[in-house]
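Notes follow the structure.
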Amino acid sequence: MECSRGERLSITLAKNRINRAPERLGKAKVEVDIFELLRDSEYETAETMCQILPKGVVAVLGPSSSPASSSIISNICGEKEVPHFKVAPEEFVKFQFQRFTTLNLHPSNTDISVAVAGILNFFNCTTACLICAKAECLLNLEKLLRQFLISKDTLSVRMLDDTRDPTPLLKEIRDDKTATIIIHANASMSHTILLKAAELGMVSAYYTYIFTNLEFSLQRIDSLVDDRVNILGFSIFNQSHAFFQEFAQSLNQSWQENCDHVPFTGPALSSALLFDAVYAVVTAVQELNRSQEIGVKPLSCGSAQIWQHGTSLMNYLRMVELEGLTGHIEFNSKGQRSNYALKILQFTRNGFRQIGQWHVAEGLSMDSRLYASNISDTLFNTTLVVTTILENPYLMLKGNHQEMEGNDRYEGFCVDMLKELAEILRFNYKIRLVGDGVYGVPEANGTWTGMVGELIARKADLAVAGLTITAEREKVIDFSKPFMTLGISILYRVHMGRKPGYFSFLDPFSPGVWLFMLLAYLAVSCVLFLVARLTPYEWYSPHPCAQGRCNLLVNQYSLGNSLWFPVGGFMQQGSTIAPRALSTRCVSGVWWAFTLIIISSYTANLAAFLTVQRMDVPIESVDDLADQTAIEYGTIHGGSSMTFFQNSRYQTYQRMWNYMYSKQPSVFVKSTEEGIARVLNSNYAFLLESTMNEYYRQRNCNLTQIGGLLDTKGYGIGMPVGSVFRDEFDLAILQLQENNRLEILKRKWWEGGKCPKEEDHRAKGLGMENIGGIFVVLICGLIVAIFMAMLEFLWTLRHSEATEVSVCQEMVTELRSIILCQDSIHPRRRRAGVPPPRPPIPEERRPRGTATLSNGKLCGAGEPDQLAQRLAQEAALVARGCTHIRVCPECRRFQGLRARPSPARSEESLEWEKTTNSSEPE
């Protein structure tokens, strides 16, 4: 037996198995005549059929190829009413209606196109490319084309030229960045296309190949493709059939004996279909033989005779239901195979495995768990190329990076996040800096720069950096779920106001307020002095105990007291002066209310002015920035912030973009570090992401954020379009967020700066630079008080009666008494011109008796010195003999002297009593 697909062997195996079966039809045996067509010629095929018909046939099977020959056979069998089984795929639709006698065991192209469309819907594929080996594929896959037309998705169709070289065609697909490729060709050409794709680097994890040929899974492609590539195909083999393993072993043994190498990894589809066709014919004949006796009849191509049992057998064939090597076998009224399932296979490192199936009646059914597990297995121990950019704190070079190699040279937030992701997904990675040092923007010719461009060109597997997710980038690459949320903010230099000085306690009020307070104080003092003089209720007798005997009235609101009283109220210390009249009380109440508000306001603002170093910022929001031209502002060239302003339709942002675009010299910077330096060294505001704003403000206290966020967006991991790892990375990022790992990493790399948090309002100790001025005021006040005391002391000495003691001696005496803390009692210094005190009463004229003090104490009459000392200490009076003294507690004056004389009372004593009881003030 020659090396072939095994059709002869499969028919022989089917014949022998049926003839050996105990349930075969009586003594009847299955006989099979095999004719081989040497070429696809209609004339040769017709001659072969004319040789077959005179022998008497029940059915004609095949051929397994040669579409033109299959058409001629179908026509001849239709004329003679002999059943014909097709086992070859449909190449094109030649007849609108298939012959009644023709049955097609091969799945129709319509079913295959619907199954492909279902797979594309499952993977949410909106862009695909169809490679056709022949022009008829557009008719064969009509259902697939219609679906793309209805959904308005993009399906590009490319046809192989006469050279049959797919290389130029694949290059076009690669340049178009199409990731899903549908190949409609026979197994041999499909294998060639995949081989050329591997040479162009298109067989990787970022491409998905769908083969419509049902035999492609039998090809050996292990050495051609990367095990990460997503290759899908179809199969209808029923490996659970009882005879399948024996059938496969027989074919394999035949190939080993007759072929240099085994051409297929399993049975060829045509051989299995022929095996099932034999069983279908025998099953139908058995059913028909139960109702009527049938036999074969020689037929001739030259006559109009037909086989009389042909129509009955066709009816029974359409009712056949059996499980064959190619699954469930059943036909519809049109003679096409129905109620069967196409198994969906995916390529793995261990070969193809089933991940779902498409059923004619039930549609697509995918096992997502098997598909996801295959992706995880593909990621296991796989090395991914990571493109990134040096940007603090996402990726930085270590201090000793010259001594290291590979990934160990880098540190930062993205490095730590990659380690966490690699631990979860069990993959390896290689960090590589982007060549042009930019994130990625589109060029005029449609190409992209930076990391986005490397992902589009499939030069990198991942882009891990502060890469912003934008709609424009999402069109050309895929993004994972955002691992960080942020927005555009304004970074500006801090213009610090003056630091708190020694007289910061004056800052809560402006100089104008202090001036008006001084004027208010003077006005209140004057009004109080005037009102107190006008009202009669502020005039009172200095000796209330001598009413009617004293004609003198005094007023406590002298000019000095009128100035002192408001001061006491303002300082909230009060004074010994109490208003008596309603008018003076009204003035006092108004002044106290005024001081209450002033002191409360002063106290409320004092802490802020003593502890906070105020910032002088000329702008407070993005509108302020847009409305002025003195401060320049810009973004990173080629970044997402620049794209945001360029595409924004908000009027303020459009005005800002027009300013930035037309400003010369350019306000755009190449990196964040350049922008920060420009902010610190010139009058420039930098528009950047809030995360970077926060990072640099933590490390430079001269920077501040102006206003809030201009938008809300996120950072994501970039991947080429169609990356099968996207879902895995999404789940891993969600897991890191749920475990709070990303927040921990953010605190690790953002915090730790030398600047305190802006929201930290904890009380801090005040230094001398904050409140030193009040000590200056205190010292100055004390010095002024001492100076005034010395002036008063000298003034009193100058106007006192002349003594033999000099001024210096008097001062030395006072200082000595102050230092020695002597009793605060000394003789009164009388002014010049004041009459001398009354001469003391001769001792012999003083009555001998007892004196009773106001506190009830007694003093002996014979002890005048002791009595005088006690009177001076208790009532601050000079004793005048041992007489009864009553002191008024209000005016502290003598108000009556009543003597307690001895039994022998002299006239001098009575005269002394009269004198001391006079109402004349002392």
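Positions of Cβ are set from backbone N, Cα and C atoms, glycine also.
TrEMBL annotations: computationally assigned, not manually curated.
Pulled from TrEMBL, these are the features on record:
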type     : residues      : note
DISULFID : Cys701-Cys755 : disulfide bond
DOMAIN   : 383-752       : domain 'Ionotropic glutamate receptor C-terminal'
DOMAIN   : 393-457       : domain 'Ionotropic glutamate receptor L-glutamate and glycine-binding'
REGION   : 828-856       : region 'Disordered'
REGION   : 897-922       : region 'Disordered'
SITE     : Ile619        : site 'Crucial to convey clamshell closure to channel opening'
TRANSMEM : 513-532       : transmembrane segment
TRANSMEM : 590-612       : transmembrane segment
TRANSMEM : 771-795       : transmembrane segment
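Counted within 10 Å of its Cβ, the other Cβ atoms near Cys701 (disulfide bond) come to 13, all protein chains included.
Of all the recorded positions listed (Ile619, Cys755), Ile619 sits in the most crowded Cβ setting, with the most other Cβ atoms within 10 Å.
For the pair formed by Cys755 (disulfide bond) and Ile619 (site 'Crucial to convey clamshell closure to channel opening'), distance between Cα atoms is given as 22 Å, rounded to the nearest Å. Classification of Cys755 (disulfide bond) by DSSP places it in coil, neither helical nor stranded. When the alpha carbons of Cys701 (disulfide bond) and Ile619 (site 'Crucial to convey clamshell closure to channel opening') are compared, the span between them is 18 angstrom. Broken down with DSSP, the domain 'Ionotropic glutamate receptor L-glutamate and glycine-binding' (393-457) shows 27 helix, 13 strand, 25 coil. In the three-state DSSP classification, Cys701 (disulfide bond) falls within coil. According to its DSSP assignment, Ile619 (site 'Crucial to convey clamshell closure to channel opening') is coil.
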